[in-house]
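Read the structure below first, then the notes.
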Amino acid sequence: MNGGPSGFNNAPVTKAFVIATALFTVFFGIRGGSSKLGLSYQDIFEKFRIWKLIISAFAFSSTTELFSGLYLLYFFRVFERQIGSNKYSVFILFSGFVSLILETILLSLTKDPTANLLTSGPYALVFASFVPFFLDIPVTKRFGVLGVHFSDKSFIYLAGVQLLLSSWKRSIFTGICGIIAGSLYRLNIFGIRKAKFPEFMASLFSRFSLPSLSSQSQPPRRTSPNLGRQAVRAYRAPVPSTTEPSEEAIATLVSMGFDQNAARQALVHARNDINAATNILLEAHSH
């Protein structure tokens, strides 16, 4: 299991988010203000510091959190490749907005104007992404170390646990809010999973180095039967596996809108790695 081809190919929104997070974290870390970015009751209900609400969604409060967070954000770029940059942007805004509402409710219950109860950083997006990661990304490898069983998803979970416990209660609260936000998105409340930015907004955003927000970058709803052969040429895949792809893996790709035969051929040339097969199909469509 992997996040597909290295780099931010077909993931411009993730790239912009990662860069913004790194810059904000480094900037406030140099100025010695990262420890003051956590949200408190006073920030929302007394002084209403809008700047802090915005910054707290990007800047981590420590270097350890930054490394773990960027690693997870980089891996989860696979979801932008699967649903397209337009819908992924909606996912980011929805998870951030819902998490902020939940955090506001939590702060209103504490009514402590002195404590920074909630840590800062894009916990909403990171932990909302764990919901589709748990439900949609299959395990492709299993192995044991000293009698303990692991899968290729274990390292992502370990990074998530490290980030969740990085600031103890302050980070646990924000992480749980993110998981709830991701679950609500998964449940498709108000039809949010079908929501997209209007075309004129996508065109506007495309001028700011986010060209994939346009509808052209969305995963195809139907592909031609010849896409499998085009995918192989575009991706330059390794020697095909002799193992027949599982029906479950094929069904997963078909549910994303790809042709069944194309999905089967992509899985063969990706050696049954469903993430790599997804990116083979997306790259073939982009050619």
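Backbone N, Cα and C atoms are what each Cβ position is placed from, and that goes for glycine too.
The feature domain 'UBA' is assigned by TrEMBL to 244-284. Among the features that TrEMBL reports, transmembrane segment is placed at 12-30, 50-76, 88-109, 121-139, 171-191.
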Note to self: Taking only the residues in the domain 'UBA' (244-284), give me the average pLDDT of this model.
What the structure shows: 78
Note to self: Against the transmembrane segment (88-109), which of these stretches has the most C-beta pairs under 8 Å: 12-30, 121-139, 171-191?
What the structure shows: 171-191
Next item on the list: Write out how many residues of the domain 'UBA' (244-284) are helix, how many strand and how many coil, based on DSSP.
Entry: 30 helix, 0 strand, 11 coil
